[in-house]
Amino acid sequence: MTDVTANPAASNAAPAPYDATAKQKAQAKTARIPIKIVPIEKLKKPDWIRVKAATGNSRFYEIKQILREHNLHTVCEEASCPNIGECFGKGTATFMIMGDKCTRRCPFCDVGHGRPDPLDPEEPGNLARTIAALKLKYVVITSVDRDDLRDGGAAHFVECIQKTRELSPETRIEILTPDFRGRLDRAIGILNAAPPDVMNHNLETVPRLYKEARPGSDYAHSLKLLKDFKALHPDVATKSGLMVGLGETEEEILQVMRDLREHNVDMLTIGQYLQPSEHHLPVRAYVHPDTFKMYEEEAYKMGFTHAAVGAMVRSSYHADVQAHDAGVV
(Lines of atoms letter the chains of each structure in order from A and count residues from 1; the text may use other names and numbers.)
(Lines give C-alpha, C1' and ligand atoms only; values in the text may rest on other atoms or scores of the structure.)
Protein backbone atom coordinates (compact mmCIF):
# COMPACT_ATOMS: atom_id res chain seq x y z
CA MET A 1 0.00 0.00 0.00
CA THR A 2 1.03 3.63 -0.11
CA ASP A 3 0.81 6.80 1.86
CA VAL A 4 0.18 10.23 0.40
CA THR A 5 1.81 13.52 1.30
CA ALA A 6 2.25 16.88 -0.35
CA ASN A 7 5.23 16.83 -2.68
CA PRO A 8 6.48 20.39 -3.38
CA ALA A 9 9.46 19.01 -5.26
CA ALA A 10 7.15 17.40 -7.77
CA SER A 11 5.94 20.80 -8.96
CA ASN A 12 9.31 22.59 -8.74
CA ALA A 13 11.65 20.04 -10.30
CA ALA A 14 12.11 19.96 -14.06
CA PRO A 15 10.16 17.00 -15.45
CA ALA A 16 12.04 14.24 -17.21
CA PRO A 17 11.54 14.09 -20.98
CA TYR A 18 8.65 11.90 -22.03
CA ASP A 19 6.33 11.30 -24.94
CA ALA A 20 3.19 13.28 -24.18
CA THR A 21 1.22 11.29 -26.74
CA ALA A 22 1.95 7.96 -25.02
CA LYS A 23 -0.61 6.53 -22.60
CA GLN A 24 0.87 6.75 -19.10
CA LYS A 25 -0.32 4.31 -16.45
CA ALA A 26 0.41 3.75 -12.73
CA GLN A 27 3.75 5.33 -11.70
CA ALA A 28 4.27 7.11 -15.01
CA LYS A 29 0.87 8.74 -14.59
CA THR A 30 1.04 9.75 -10.92
CA ALA A 31 4.72 10.80 -10.83
CA ARG A 32 3.95 14.28 -12.15
CA ILE A 33 1.21 15.34 -9.75
CA PRO A 34 2.08 17.35 -6.59
CA ILE A 35 1.30 14.34 -4.38
CA LYS A 36 3.95 11.91 -3.20
CA ILE A 37 2.87 8.30 -2.78
CA VAL A 38 5.17 6.21 -0.56
CA PRO A 39 4.78 2.60 0.62
CA ILE A 40 3.08 1.84 3.96
CA GLU A 41 1.73 -1.35 5.48
CA LYS A 42 -0.92 -2.92 3.28
CA LEU A 43 -4.36 -3.59 4.73
CA LYS A 44 -5.63 -7.14 4.42
CA LYS A 45 -8.74 -7.46 2.28
CA PRO A 46 -11.71 -8.62 4.36
CA ASP A 47 -13.89 -11.60 3.49
CA TRP A 48 -16.66 -9.44 2.04
CA ILE A 49 -14.43 -8.21 -0.82
CA ARG A 50 -15.07 -10.84 -3.46
CA VAL A 51 -14.65 -10.56 -7.24
CA LYS A 52 -16.60 -12.81 -9.61
CA ALA A 53 -14.41 -14.23 -12.38
CA ALA A 54 -15.60 -14.85 -15.91
CA THR A 55 -16.86 -18.39 -16.50
CA GLY A 56 -16.02 -20.59 -19.45
CA ASN A 57 -19.52 -20.34 -20.91
CA SER A 58 -19.84 -16.58 -20.49
CA ARG A 59 -19.74 -13.90 -23.20
CA PHE A 60 -16.50 -12.42 -21.81
CA TYR A 61 -14.26 -13.15 -24.80
CA GLU A 62 -17.03 -12.50 -27.32
CA ILE A 63 -17.53 -9.00 -25.92
CA LYS A 64 -13.78 -8.27 -25.94
CA GLN A 65 -13.50 -9.41 -29.56
CA ILE A 66 -16.45 -7.27 -30.69
CA LEU A 67 -15.01 -4.22 -28.95
CA ARG A 68 -11.65 -4.66 -30.68
CA GLU A 69 -13.29 -5.21 -34.07
CA HIS A 70 -15.12 -1.88 -33.76
CA ASN A 71 -12.15 0.00 -32.27
CA LEU A 72 -14.06 0.73 -29.06
CA HIS A 73 -12.90 1.11 -25.47
CA THR A 74 -14.63 0.32 -22.18
CA VAL A 75 -14.07 1.87 -18.80
CA CYS A 76 -14.36 -1.68 -17.50
CA GLU A 77 -10.99 -2.49 -19.07
CA GLU A 78 -9.25 0.88 -18.89
CA ALA A 79 -10.06 1.48 -15.20
CA SER A 80 -9.38 -2.15 -14.23
CA CYS A 81 -12.87 -2.57 -12.79
CA PRO A 82 -13.07 -5.61 -10.48
CA ASN A 83 -16.50 -6.51 -11.87
CA ILE A 84 -15.38 -6.88 -15.49
CA GLY A 85 -15.65 -10.67 -15.51
CA GLU A 86 -19.23 -10.62 -14.27
CA CYS A 87 -20.40 -7.78 -16.51
CA PHE A 88 -18.73 -8.94 -19.72
CA GLY A 89 -19.93 -12.44 -18.93
CA LYS A 90 -23.51 -11.16 -18.96
CA GLY A 91 -22.99 -9.22 -22.17
CA THR A 92 -22.90 -5.75 -20.61
CA ALA A 93 -20.22 -3.07 -20.75
CA THR A 94 -19.73 0.63 -20.13
CA PHE A 95 -18.47 2.18 -23.34
CA MET A 96 -15.72 4.79 -23.03
CA ILE A 97 -15.68 7.27 -25.90
CA MET A 98 -13.14 9.85 -27.10
CA GLY A 99 -10.12 7.61 -26.69
CA ASP A 100 -8.30 5.94 -23.82
CA LYS A 101 -6.03 8.81 -22.73
CA CYS A 102 -7.33 11.23 -20.10
CA THR A 103 -6.13 14.80 -19.70
CA ARG A 104 -6.28 14.45 -15.89
CA ARG A 105 -4.08 12.45 -13.51
CA CYS A 106 -6.46 11.49 -10.70
CA PRO A 107 -4.39 9.14 -8.48
CA PHE A 108 -7.31 6.86 -7.58
CA CYS A 109 -8.07 6.03 -11.22
CA ASP A 110 -6.35 3.51 -13.47
CA VAL A 111 -7.34 5.11 -16.77
CA GLY A 112 -4.19 6.20 -18.61
CA HIS A 113 -3.06 9.81 -18.95
CA GLY A 114 -1.60 11.43 -22.05
CA ARG A 115 -2.18 13.86 -24.87
CA PRO A 116 -5.41 12.59 -26.43
CA ASP A 117 -5.71 11.64 -30.07
CA PRO A 118 -8.10 13.59 -32.32
CA LEU A 119 -11.71 12.52 -32.04
CA ASP A 120 -12.62 9.58 -34.25
CA PRO A 121 -15.53 10.68 -36.49
CA GLU A 122 -16.42 7.03 -37.04
CA GLU A 123 -16.79 6.28 -33.33
CA PRO A 124 -20.48 7.26 -32.89
CA GLY A 125 -21.47 5.00 -35.79
CA ASN A 126 -19.24 2.15 -34.62
CA LEU A 127 -20.71 2.46 -31.14
CA ALA A 128 -24.29 2.46 -32.41
CA ARG A 129 -23.71 -0.59 -34.61
CA THR A 130 -22.08 -2.47 -31.74
CA ILE A 131 -24.99 -1.72 -29.40
CA ALA A 132 -27.44 -2.84 -32.07
CA ALA A 133 -25.48 -6.02 -32.82
CA LEU A 134 -25.38 -6.93 -29.13
CA LYS A 135 -29.11 -6.12 -28.81
CA LEU A 136 -28.45 -4.11 -25.67
CA LYS A 137 -31.53 -2.63 -24.00
CA TYR A 138 -29.57 -0.40 -21.63
CA VAL A 139 -26.16 1.16 -22.23
CA VAL A 140 -23.82 3.41 -20.30
CA ILE A 141 -21.58 5.77 -22.26
CA THR A 142 -18.73 7.48 -20.43
CA SER A 143 -15.53 9.23 -21.48
CA VAL A 144 -12.10 10.32 -20.47
CA ASP A 145 -11.69 13.98 -19.54
CA ARG A 146 -11.03 16.00 -22.68
CA ASP A 147 -9.82 19.37 -21.42
CA ASP A 148 -8.29 19.90 -24.87
CA LEU A 149 -11.71 20.30 -26.49
CA ARG A 150 -13.65 23.57 -26.42
CA ASP A 151 -16.85 21.79 -25.40
CA GLY A 152 -15.18 19.08 -23.29
CA GLY A 153 -16.55 16.49 -25.70
CA ALA A 154 -20.24 17.32 -25.20
CA ALA A 155 -21.00 17.33 -28.93
CA HIS A 156 -19.41 13.89 -29.31
CA PHE A 157 -21.66 12.59 -26.51
CA VAL A 158 -24.67 13.99 -28.38
CA GLU A 159 -23.65 12.35 -31.65
CA CYS A 160 -23.18 9.00 -29.90
CA ILE A 161 -26.64 9.28 -28.33
CA GLN A 162 -28.27 10.25 -31.62
CA LYS A 163 -26.60 7.48 -33.65
CA THR A 164 -27.51 4.90 -31.01
CA ARG A 165 -31.15 5.98 -30.98
CA GLU A 166 -31.31 5.80 -34.78
CA LEU A 167 -30.40 2.10 -34.75
CA SER A 168 -31.79 1.12 -31.33
CA PRO A 169 -34.75 3.39 -30.55
CA GLU A 170 -35.88 1.26 -27.60
CA THR A 171 -32.48 1.27 -25.90
CA ARG A 172 -32.17 3.40 -22.78
CA ILE A 173 -28.99 5.48 -22.56
CA GLU A 174 -27.13 6.61 -19.46
CA ILE A 175 -24.17 8.95 -19.84
CA LEU A 176 -21.45 9.27 -17.22
CA THR A 177 -19.79 12.59 -17.97
CA PRO A 178 -16.64 14.43 -16.93
CA ASP A 179 -17.08 17.76 -15.16
CA PHE A 180 -16.68 19.95 -18.28
CA ARG A 181 -14.40 22.22 -16.27
CA GLY A 182 -14.27 25.75 -17.68
CA ARG A 183 -16.95 25.04 -20.28
CA LEU A 184 -19.97 24.00 -18.22
CA ASP A 185 -22.61 26.27 -19.77
CA ARG A 186 -21.45 25.45 -23.29
CA ALA A 187 -21.53 21.70 -22.60
CA ILE A 188 -24.97 21.70 -20.99
CA GLY A 189 -26.32 23.76 -23.87
CA ILE A 190 -25.00 21.22 -26.36
CA LEU A 191 -26.42 18.27 -24.40
CA ASN A 192 -29.88 19.82 -24.79
CA ALA A 193 -29.89 18.49 -28.36
CA ALA A 194 -30.13 14.88 -27.17
CA PRO A 195 -30.65 14.44 -23.43
CA PRO A 196 -29.93 10.93 -22.13
CA ASP A 197 -32.34 8.84 -20.09
CA VAL A 198 -30.00 9.09 -17.08
CA MET A 199 -27.44 11.85 -16.49
CA ASN A 200 -24.60 10.63 -14.28
CA HIS A 201 -21.63 12.57 -12.95
CA ASN A 202 -19.64 11.20 -10.03
CA LEU A 203 -18.52 13.33 -7.11
CA GLU A 204 -16.17 10.43 -6.22
CA THR A 205 -15.22 11.59 -2.70
CA VAL A 206 -15.79 14.17 0.03
CA PRO A 207 -14.69 17.79 -0.53
CA ARG A 208 -11.86 17.58 2.03
CA LEU A 209 -10.12 14.95 -0.10
CA TYR A 210 -10.55 16.64 -3.48
CA LYS A 211 -7.07 18.17 -3.62
CA GLU A 212 -5.57 14.74 -2.98
CA ALA A 213 -7.91 12.52 -4.98
CA ARG A 214 -9.28 14.78 -7.73
CA PRO A 215 -6.62 17.38 -8.55
CA GLY A 216 -8.02 19.79 -11.11
CA SER A 217 -11.64 19.19 -10.10
CA ASP A 218 -13.95 21.23 -7.89
CA TYR A 219 -16.68 19.84 -5.62
CA ALA A 220 -19.03 22.81 -5.99
CA HIS A 221 -18.59 22.80 -9.77
CA SER A 222 -19.58 19.13 -9.99
CA LEU A 223 -22.69 19.76 -7.91
CA LYS A 224 -23.59 22.69 -10.16
CA LEU A 225 -23.30 20.50 -13.25
CA LEU A 226 -25.85 18.08 -11.84
CA LYS A 227 -28.21 20.79 -10.61
CA ASP A 228 -28.09 22.86 -13.81
CA PHE A 229 -28.77 19.84 -16.00
CA LYS A 230 -31.70 18.79 -13.81
CA ALA A 231 -33.17 22.29 -13.97
CA LEU A 232 -33.27 22.06 -17.76
CA HIS A 233 -34.45 18.44 -17.85
CA PRO A 234 -36.59 17.74 -14.76
CA ASP A 235 -37.85 14.46 -16.25
CA VAL A 236 -34.33 13.03 -16.73
CA ALA A 237 -32.98 11.11 -13.75
CA THR A 238 -29.71 12.43 -12.34
CA LYS A 239 -27.18 10.22 -10.61
CA SER A 240 -23.85 10.42 -8.80
CA GLY A 241 -21.39 8.04 -7.17
CA LEU A 242 -18.94 7.96 -4.28
CA MET A 243 -15.99 5.84 -3.20
CA VAL A 244 -15.32 5.07 0.45
CA GLY A 245 -12.12 3.97 2.12
CA LEU A 246 -9.96 6.96 1.17
CA GLY A 247 -9.89 8.43 4.67
CA GLU A 248 -13.28 10.11 4.81
CA THR A 249 -15.56 10.01 7.86
CA GLU A 250 -19.11 8.68 7.96
CA GLU A 251 -20.45 12.16 8.64
CA GLU A 252 -18.61 13.52 5.61
CA ILE A 253 -20.27 10.91 3.39
CA LEU A 254 -23.68 11.69 4.87
CA GLN A 255 -23.11 15.40 4.22
CA VAL A 256 -22.22 14.73 0.59
CA MET A 257 -25.45 12.75 0.29
CA ARG A 258 -27.36 15.72 1.71
CA ASP A 259 -25.61 18.03 -0.76
CA LEU A 260 -26.62 15.77 -3.64
CA ARG A 261 -30.27 15.82 -2.61
CA GLU A 262 -30.14 19.60 -2.19
CA HIS A 263 -28.96 19.72 -5.81
CA ASN A 264 -31.87 17.50 -6.93
CA VAL A 265 -29.86 14.35 -7.64
CA ASP A 266 -32.14 11.30 -7.81
CA MET A 267 -29.89 8.23 -7.77
CA LEU A 268 -26.82 7.30 -5.72
CA THR A 269 -24.05 4.70 -5.81
CA ILE A 270 -21.50 4.08 -3.06
CA GLY A 271 -18.74 1.47 -3.28
CA GLN A 272 -15.42 0.49 -1.71
CA TYR A 273 -12.29 2.07 -3.20
CA LEU A 274 -9.76 -0.56 -4.29
CA GLN A 275 -6.20 0.49 -5.08
CA PRO A 276 -5.34 -0.32 -8.73
CA SER A 277 -1.59 -0.46 -8.01
CA GLU A 278 0.98 0.52 -5.39
CA HIS A 279 1.40 3.80 -7.26
CA HIS A 280 -2.19 4.88 -6.61
CA LEU A 281 -3.84 6.29 -3.50
CA PRO A 282 -3.91 3.81 -0.61
CA VAL A 283 -6.95 2.11 0.82
CA ARG A 284 -7.16 3.62 4.31
CA ALA A 285 -10.10 1.50 5.44
CA TYR A 286 -12.30 -1.35 4.28
CA VAL A 287 -15.81 -0.21 5.10
CA HIS A 288 -17.93 -2.81 6.91
CA PRO A 289 -21.17 -4.05 5.31
CA ASP A 290 -23.11 -2.67 8.27
CA THR A 291 -21.88 0.82 7.39
CA PHE A 292 -22.89 0.37 3.77
CA LYS A 293 -26.33 -0.70 4.99
CA MET A 294 -26.55 2.45 7.11
CA TYR A 295 -25.68 4.62 4.09
CA GLU A 296 -28.35 2.86 2.04
CA GLU A 297 -31.02 3.38 4.68
CA GLU A 298 -30.10 7.04 5.10
CA ALA A 299 -30.17 7.55 1.33
CA TYR A 300 -33.79 6.47 1.10
CA LYS A 301 -34.68 8.60 4.11
CA MET A 302 -33.19 11.58 2.27
CA GLY A 303 -35.36 10.90 -0.76
CA PHE A 304 -33.09 9.24 -3.32
CA THR A 305 -35.20 7.23 -5.76
CA HIS A 306 -32.56 4.51 -5.82
CA ALA A 307 -29.39 3.80 -3.86
CA ALA A 308 -26.95 1.07 -4.91
CA VAL A 309 -24.64 0.72 -1.92
CA GLY A 310 -22.11 -2.01 -1.20
CA ALA A 311 -18.45 -2.93 -1.30
CA MET A 312 -18.36 -4.03 -4.95
CA VAL A 313 -20.84 -1.45 -6.25
CA ARG A 314 -19.54 0.78 -9.02
CA SER A 315 -21.31 3.63 -10.76
CA SER A 316 -22.23 1.55 -13.80
CA TYR A 317 -22.50 -1.84 -12.08
CA HIS A 318 -25.96 -3.27 -12.88
CA ALA A 319 -26.89 0.20 -14.11
CA ASP A 320 -29.89 -1.25 -15.91
CA VAL A 321 -31.22 -2.67 -12.65
CA GLN A 322 -30.55 0.63 -10.87
CA ALA A 323 -32.49 2.51 -13.54
CA HIS A 324 -35.36 0.02 -13.47
CA ASP A 325 -35.66 0.25 -9.70
CA ALA A 326 -35.63 4.04 -9.95
CA GLY A 327 -38.51 3.93 -12.43
CA VAL A 328 -36.47 4.97 -15.48
CA VAL A 329 -37.05 1.77 -17.50
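We number each residue from 1, going along the chain as drawn.
Keep in mind that glycine also has a Cβ here, set from the backbone N, Cα and C atoms.
Copied from TrEMBL, the annotated features are:
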type	residues	note
BINDING	C76, C81, C87, S316	[4Fe-4S] cluster 1 binding site
BINDING	C102, C106, C109	[4Fe-4S] cluster 2 binding site
DOMAIN	87-305	domain 'Radical SAM core'
REGION	1-21	region 'Disordered'
Looking only at C-alpha atoms, tell me how far C102 ([4Fe-4S] cluster 2 binding site) is from S316 ([4Fe-4S] cluster 1 binding site), rounded to the nearest Å. 19
Do you know offhand how many angstrom separate S316 ([4Fe-4S] cluster 1 binding site) and C109 ([4Fe-4S] cluster 2 binding site) by C-alpha? 15
For S316 ([4Fe-4S] cluster 1 binding site), list the number of other Cβ atoms lying within 10 Å of its Cβ atom. 29
CB neighbours within 10 A of C109 ([4Fe-4S] cluster 2 binding site), counting all protein chains shown, number 24
For C106 ([4Fe-4S] cluster 2 binding site), the same-chain residues 6+ apart in sequence with C-beta under 8 angstroms from its C-beta are E204, A213, R214, P215, G216, S217
Would you mind giving the whole-number mean pLDDT across the domain 'Radical SAM core' (87-305)? 92
Suppose we draw a 10 Å sphere around the Cβ of C102 ([4Fe-4S] cluster 2 binding site). How many other Cβ atoms does it contain, all chains included? 25
